[in-house]
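Peer 1: One structure coming up, written as structure tokens, with questions to follow.
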């Protein structure tokens, strides 16, 4: 459990007058025990509502300072200092005064401000909905008092059952997954309402989380210029892949894992879940006014695995770019070849590579490969590493065989971080590591450097 220790300090003239403080009004200092105790208790209502936290414009450094400057509606100001150890709130004050309501108000407003996540800056019209209130209630829990002393009050943030639930990260994430996105690196929670506007970048550690193909199209392609291709192409079951012989009498449907479902059933499930027909979207559009052909793989659709339809769509895109003399971009996010299609999926590696050979060698056109996390298997072994320029996202997981497969096959430990983009960049595997927020501008400059220019003068 964590403890938040609060030492309240005053620095306002009015409070100094009312509390009888002898400390200088121009400096910070702890509240000293005074005989004017009733004056604080009787006037306690003026602190029942804290309007805002000062210095909200610098929220990135807000938590690192560990000191909160708080002002209420009557312009009475004071600061709160805390250090996190356990999930128990402890208010440590140096007097007999009844500061409990004041500090409780501060805690309440701070938690609300964290749930809002810069709502006062991003959207002044932001209002709480029922789901937000549920999360706030869950975080705050039932406030109860523990053992009291002359110098310290302990406020427990949750009861026993809530503590057990809070420690269960899986239950917490599942319960509120419609509101939060959990970072895979630091396990911090990102508020989903503003997660897309932050390009799926963790606000706690800066890690680049997975992004859907539709979001990437919106990020890279100029508005109103996207023209999809081959949207009606869907996968069949060419080898009639069925992992198990289903017995409707003996098999409990609840115990049926998604990996054991028939291939067609899994395809239908992912199509309904993602709204996509396959694990890649292909089409044409403009980047800063420059016409491009682009294919974007989607890891949410069967792990971005490359089957016969994925290979065919990418091959047709390359052939179209070859005929139209367009620059080509392929954004890779894949677990490799799709095992449910056997050798047909492996054939796509050679087919795509052959089309790229004609595009790059014979026609002398420009292909940019963008490797996102994860890029593994057959995609890494084929078109993922064939770009004229190869760009990787920060901290992307890029490999041919995964860490678990290598360790089980070779019975040796894979060094931590040896399959990260930064490590591989030092070994010369990529041309550049580009953050997501700079990617569009970098692509525009690369295209212009290689002789591809905007269609209009105001295309930049």
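Each residue, glycine too, has its Cβ placed from N, Cα and C.
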Peer 1: With Swiss-Prot as the source, identify the stretch among 137-159, 160-182, 183-205 annotated zinc finger.
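Peer 2: Here Swiss-Prot associates zinc finger with the stretch 183-205.
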Peer 1: Pull the DSSP breakdown for the zinc finger (183-205) and write it out as helix, strand, coil residue counts.
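Peer 2: DSSP composition of the zinc finger (183-205): 4 helix, 4 strand, 15 coil.
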Peer 1: Taking the Cβ of each of the binding-site residues and counting other Cβ atoms inside 10 Å, which one has the highest number: 186, 202?
Peer 2: 202
Peer 1: Pick the one among the binding-site residues 183, 205 whose Cβ has the fewest other Cβ atoms within 10 Å in this structure.
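Peer 2: Taking 183, 205 as the binding-site residues, the minimal 10 Å Cβ count falls on 205.
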Peer 1: Within 8 Å of the centroid of the Cβ atoms of 183, 186, 202, 205, which other residues of that chain place their own Cβ, given that this set defines the recorded Zn(2+) site?
Peer 2: 184, 185, 187, 188, 190, 203, 204, 206, 207
Peer 1: What is the average pLDDT across the domain 'CoA carboxyltransferase N-terminal' (179-460)?
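Peer 2: Averaged over the domain 'CoA carboxyltransferase N-terminal' (179-460), the predicted model reaches a pLDDT of 90.
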